[in-house]
Each structure stands twice: as structure tokens, then as C-alpha cells.
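S.K.: After the C-alpha cells below, expect a handful of questions from me.
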Amino acid sequence: DVVESQEHYKSRWRSIWIMYLTMFLSSVGFSIVIMSVWPYLQKIDLTADASFLGWIIASYSIGQMVASPLFGLWSNYRPRREPLVISTAISVAANCLYAYVHVPHSHNKYYMLTARALVGFGAGNVAVVRSYIAGATSLTERTSAMANTSACQAVGFILGPVFQTCFTLIGEEGVTWKFLCLQLNMYTAPVLFGALLGVINIILIFAIFREHRVDDTGRQYKSINSDGEGSDVLDQNTEGSIDHIAVVALNVLFFVILFVFAVFETIATPLTMDMYSWTRKEAVFYNGIILSMIGIESVIVFMVVKTLSKKTGERAILHAGLVIVLVGFFILLPWGKKLPNIQWQEIKNNSIPRTAPSEMLAPFWSLPELQLPSNHTAEPVGCPVTQSWCLNTPMIYLAQYISSDVLIGLGYPVCNVMSYTLYSKVLGPKPQGVYMGWLTASGSGARILGPVFVSQIYTHLGPRWAFSLICGVVVVSLLLLEIVYKRLIAFSVRYGRMQE
């Protein structure tokens, strides 16, 4: 009895593809400037320090956390085109503001903070995107559509830094258009490109996007936020209450998943600099390559789970993904006996280059190369002695680190897409905007707390404590999943309207 015309089917999927594009552009908006924020901040405001940089990075997630429930609520009662267009317009305006933060004569860092917070606020439309896709797909289509959405998001995170790298060819000076008070350089060109993509996205939303709604079996009907498109209203399919215990549990699980990955991303650079005596440049370069490979791995995983979930179900795959993440962090625990190289510095803050142990035992007057001039600026490398754990915590071998990267790069995307899929199925035909807003907000909160966790636990207690606590958190989340496992079923299955 599933009735859907070919024309409706094509229109429905064209609209879903516009949502994929919106998700892609949202993640590009975050990642396209992430590598250049710090040098640009130093250039426009000499009073800015590294701690303020942390606030600028976090402001995106804070803005998204605030906006997600608001846009979600809006989309429940009005045509989704409205919050989608307004949120994208806010991102466009915020990107233009970012391009002009060099113009004021003071407080430039606060203008940059505002611009990044507004870009994050505009990215709150992720809740609208996912709630629309959940409502415009049947149960059999849902996992595939959610996987595609997450894949588009992952590709956006990968390509953002690639776009940034291409724009570095313009250089720091670039071209100045005095009549617009605009400097087009390697720092401003990426955000202006992002603004252009946002304008194109708005045009496509107006031209192609249509409000569609189907029930879990795929039958078309009209929803409360419809703008006149749709057909038969099937109110009987919305009867029944949502299992709020399952909803809360999935929010907690999603928070844990995003939290551990935020920790992983944040800890990569300081960990490799401490353990392998990499310079800042080496750490950024090598970890950039590793994260790019993880991004590609994630896209492949997103494509695979679409097929795999049809055979095993989403709950089993989510369970397996959490176990893989647990193993990935367990491998990072320091087990050996070799200690990391310690970072030694002269009293005058001059760094001593790395030397062989035999040379270190020789008297200093026999090593003329160690007598550095007072203006020497060589970068100190190794584990800083200010971190007391460096003196007694074994190093994490490079093979451990790479193995962990591979496993976390496998487990995280599995957990991510399965969480969204199960969440949308548990909610069923009810309006999902606000619920998706809360899920997005919990993920944003996790990305804010992740760096704080690293700066406190890792810096003061070391990797053994940090990774042990992460393993403990994942174990608790696995226990939570076991407790609510039988409740994580589709709304229609719960009320006997469909077979699981």
C-alpha cells in the first residue's frame, strides 16, 4: 500500500540532497579557517594570547549549542525553509564580519570572537537538517540518509583545510580594495569563499528545496510545519508517546562519543610533541596528515555501515563502535619502561638542542655548540619538565599512537551515524526539531569540554590518568547502552505498526 508518485520521490530526494549540501557547508565554515586563526589573530591584535585563541575556537561550538534548540523549535512550527535561510544568512554575514576584523583600531580580537560565535550560531541549522531528513525518509531509508549526512559533514571538515591551503597562494598581503576597505589575503579569502558558498546554498534552498514528510513505511503526509506541500494527513501514525528514557540515554551516549573524539583531536598535537620531540611545525604537519587519513577512513566507514546495518541492526553496530573506541584509547595507555625525552632549557630561556646521551655526560666546556647566544630562538622540544609526570611516566610508542588513530577513526564514525539514526527512529513521526536541537547541543557541549579536559587532566596528571579516565567513561557508556538496549527501537516498532 506504499503510494508515492515518481515526481514526489524525485522532489523529496532533491530536497534531501540540498540538506546534504547544507551540512557540508556548515562543516566547511568551521574548518576552512581553523589553521589560520592563530596567525591572523596575532597579526590584527598584539594583545591576544593563546588562552584567548582557545575562546575563539570554542565560540563556534558555544554559538551552535545555543542556536540548535532554537532553530529546531522554529522548524517544528514553521516551514523549514525559514530557519534554513536565516541561519545560512547569519553565517554569510558572520564570514563577512571576519573578513573585516582588521579594520577597527582596537579590540580586534573581540570582533573575531563575535564573528566565529555567529558562524557557530548559523551552524545551529544542523538540527533542522537532521530533523528534516528524519521526517522525509522511511525507516528503510533512514540509516543510509543519516550516513550520507555524516559523510558530507566529514568531507566538509576534510576539504576546509584544503581550501585554506589553496588560498595561502594569495599571501599575507594579497590585494587591498580601498573603496571596500577590504584586504583580500590568505586569511580573508577563505571566509569570503565560505560566504559565497552560503549565498549559493540560499539560492538552492529557494529554488529546489520543498517540504516533504513521510511516515515510517514511506507513505506521504502533511506535517504541522508544512507550507502547503504534501498530501494525505496520517495523524493516526503519530499516536503514542516518545520513550524519553531512550532519548536521554542516546543524548548521553552522543555526548560521550563527541567528547572522547574532541579529546583525541585536541590531545594529538601536545601528545606527539611531548612523546616524540616533534617541533610545533612537525606536530601540525604530521597530525594534519593523520587527521586527513582518519577523515577519509571515516567517509569509507559511513558508506560501509549503510549496508552492514541492514544485516545486523543499528544497536549492535553502535555497541561494536564503542568497543572499538575503548580499545583505541586502551592502547594509548603507557606500558613500557622508556621515558620520553625531557625538554631542558638554559636559565636565560635559551633552548639546548637535542644531544646524544654520551655528549650530555661530557663537560660543558668541551661542547662549544651548546654555548648559545642570548638571542637564540631555537624551539625547545621534548616533554617539558614543568609537567612533573614527564619524569616518571613511560612514553607512548609511535606504533601505539598510529594503531590508536586507526581504531578511533573506525569506531567514531560508526558511533556517530548510529546515534543519529537510532535517535531519529526512537522519536518516530513526532516533530523532531527540538529533540535534534538538544542532541546537536550536547555534541557542541562535548566539543567545548574536550579541550578543557585535555588542558587540565593531561597537562597536570599525564596520559596515564587522562586515557584511563576516558576508558572509564566509555565503559560506563557501554553499561548504559546495555541497560537501555531493548528500548532503542523505532517508534512504529514499539507500537506494533511495523516489524523490527
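The backbone N, Cα and C atoms fix where each Cβ goes, glycine too.
Keep in mind that TrEMBL annotations are predicted by a computer and have not been checked by a curator.
What TrEMBL shows for this protein is this:
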DOMAIN    15-489  domain 'Major facilitator superfamily (MFS) profile'
TRANSMEM  17-40  transmembrane segment
TRANSMEM  52-72  transmembrane segment
TRANSMEM  84-101  transmembrane segment
TRANSMEM  113-133  transmembrane segment
TRANSMEM  154-171  transmembrane segment
TRANSMEM  191-209  transmembrane segment
TRANSMEM  245-264  transmembrane segment
TRANSMEM  284-305  transmembrane segment
TRANSMEM  317-336  transmembrane segment
TRANSMEM  401-423  transmembrane segment
TRANSMEM  435-459  transmembrane segment
TRANSMEM  465-485  transmembrane segment
S.K.: Near the transmembrane segment (191-209), which same-chain residues lie under 8 Å Cβ to Cβ, leaving out any that are not at least 6 residues past its ends?
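M.R.: Apart from its flanks, the transmembrane segment (191-209) reaches 14-15, 18-19, 21-22, 25, 28-29, 32-33, 80-81, 84-85, 88-89, 91-92, 95-96, 98-99, 163, 167, 184.
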S.K.: Limited to the domain 'Major facilitator superfamily (MFS) profile' (15-489), I'd like the whole-number average of pLDDT.
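M.R.: Within the domain 'Major facilitator superfamily (MFS) profile' (15-489), the model's average pLDDT equals 81.
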S.K.: Counting only pairs 6 or more apart in sequence, are there at least 3 Cβ pairs under 8 Å between the transmembrane segment (113-133) and the transmembrane segment (154-171)?
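M.R.: Checked: the transmembrane segment (113-133) vs the transmembrane segment (154-171), no contact.
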S.K.: Report yes or no: does the transmembrane segment (465-485) come within contact of the transmembrane segment (317-336), defined as 3 or more CB pairs under 8 Å with a sequence separation of 6 or more?
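M.R.: Per Cβ check, the transmembrane segment (465-485) touches the transmembrane segment (317-336).
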S.K.: Decide whether the stretches the transmembrane segment (17-40) and the transmembrane segment (317-336) have at least 3 CB pairs under 8 angstroms, with pairs required to be 6 or more apart in sequence.
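M.R.: Result for the transmembrane segment (17-40) with the transmembrane segment (317-336) is no.
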